[in-house]
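Engineer: Have a look at the structure that comes next, please.
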């Protein structure tokens, strides 16, 4: 469309950022109103329908329907990941191992589809001077329809989680009650905080009390002469749910920069490809197919990681996933910084050769180094984040929490747009040529390599920022099944929201877990 380099990149990153941001809508709907399966059915139907309309409009050379397809895909993003993870019981040792593998194979299936997208569909769409680009919609529409059918016919085999309460209401209750009780002193012992006992196996699992964010604990203080009810007191588990989500926020923030780096591989690196030798022997590789390089790396490495590395590491760490989710994310952040450094060096070589002899550019496959390293980084980070947000999330917020992975992607794309504009603006005012690093349409006349170095340095700083939060983070611990509700040091026979509390005369009181016996579990 004859955009200059920076505007072309920002157009794509703004679009991708907007679509990924909508994944939180799907997460909220499936955690609040309907289960994850039905959320997938509704938006999957809309996706296939809009894809069909987009196909028809593409045939007419309009293409207006594609935006609606993207919106449906975006909302559709979070529930399927959580729905698949729901099929595993994390408390069963065998199924816990299966859950760890599930996220690896989820990424593998996504990468497989993306590989078809950047090879077969790109080739079909760009064949015969772009006259057949509408045929790419045929492939995507058929693929979406087949996937939707597989999802629908699997219903008899799924474990379906029925949403109970709105996660936003539960969060609001904790904040409001904590503010109301801000003048109350903290109890001497966590045993004086409010909790319920529910023998129903379908009830929300208890979460053990933690010392972080103690001001939220005031929501679990029951004032004297007050009957427990909603908006007057919250359980320890409800407060801990808010603490878990609060602890996740720095993790989300410290992975945004990596996704900003990924945005460059989908924009500027593709533009580099247009200025390089695209031939592999006699076969001409479309520049838009260059992203297949990290995908091929991931197709090979994901099964190796899952089948060899994880069992090997598990022998030493005793962790079902081999290494913790945050350790896995940390590896990805280091590799993303390395990828940007390689990208800067490759751009120096490309521009030097292009200025020396424009008729003999370097091979397109020099880009495989930066793409390959980042593909490995993405394998570590994306799966690590998905597994982390799902496992750490409270029971009623799994889809919403899983969408945090896509939120990080969204903010990464938006940050890319901001940085491109900011770098252009700042460098334009300080360089002798009065031209920004990323100005115009000619890569040979700007300083893309310096922008890559900037991102590499930013990624290193971000890694140490992430490291601080990862060390600080406390993984969620489940509370006991039998819990005594204590007020003023004594069990109290109350109920809240229809959930019975454990009575003092109940025969199971003798079996109940006490704070002293469980190292702080209420």
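Cβ coordinates are placed from backbone N, Cα and C, and glycine is handled just like the others.
Annotations in TrEMBL come from automatic prediction, not curation.
Quick caveat, the model's predicted, so the values are computed rather than measured.
Quick paste of what TrEMBL says about this protein:
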type	residues	note
TRANSMEM	12-30	transmembrane segment
TRANSMEM	36-56	transmembrane segment
TRANSMEM	68-85	transmembrane segment
TRANSMEM	105-125	transmembrane segment
TRANSMEM	137-158	transmembrane segment
TRANSMEM	283-305	transmembrane segment
TRANSMEM	326-346	transmembrane segment
TRANSMEM	366-390	transmembrane segment
TRANSMEM	402-423	transmembrane segment
TRANSMEM	450-472	transmembrane segment
Engineer: Can you find at least 3 Cβ pairs under 8 Å between the transmembrane segment (450-472) and the transmembrane segment (105-125), where each pair is 6 or more residues apart in sequence?
Structural biologist: no
Engineer: I'd like to know if the transmembrane segment (283-305) touches the transmembrane segment (105-125) in this structure, counting it as a touch only when three or more C-beta pairs sit under 8 Å and are separated by 6 or more positions.
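Structural biologist: Answer yes, regions in contact.
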Engineer: Any contact between the transmembrane segment (12-30) and the transmembrane segment (326-346), i.e. 3 or more CB pairs below 8 Å with pairs at least 6 residues apart?
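Structural biologist: Counting Cβ pairs under 8 Å, fewer than 3, so no.
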Engineer: Quick test of the contact rule: Cβ under 8 Å, at least six residues beyond the ends. What residues does that give for the transmembrane segment (137-158)?
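Structural biologist: Distant Cβ neighbours of the transmembrane segment (137-158) are 37, 40-41, 44-45, 47-48, 51-52, 54-55, 58-59, 80, 83, 86-87, 113, 116-117, 120-121, 124.
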Engineer: Sequence-remote contacts (6 or more beyond its ends) of the transmembrane segment (283-305), Cβ cut-off under 8 Å?
Structural biologist: 104-105, 107-108, 111-112, 114-115, 118-119, 122-123, 126, 265-266, 269-271, 273-274, 276, 364-365, 367-368, 371-372, 374-376, 378-379
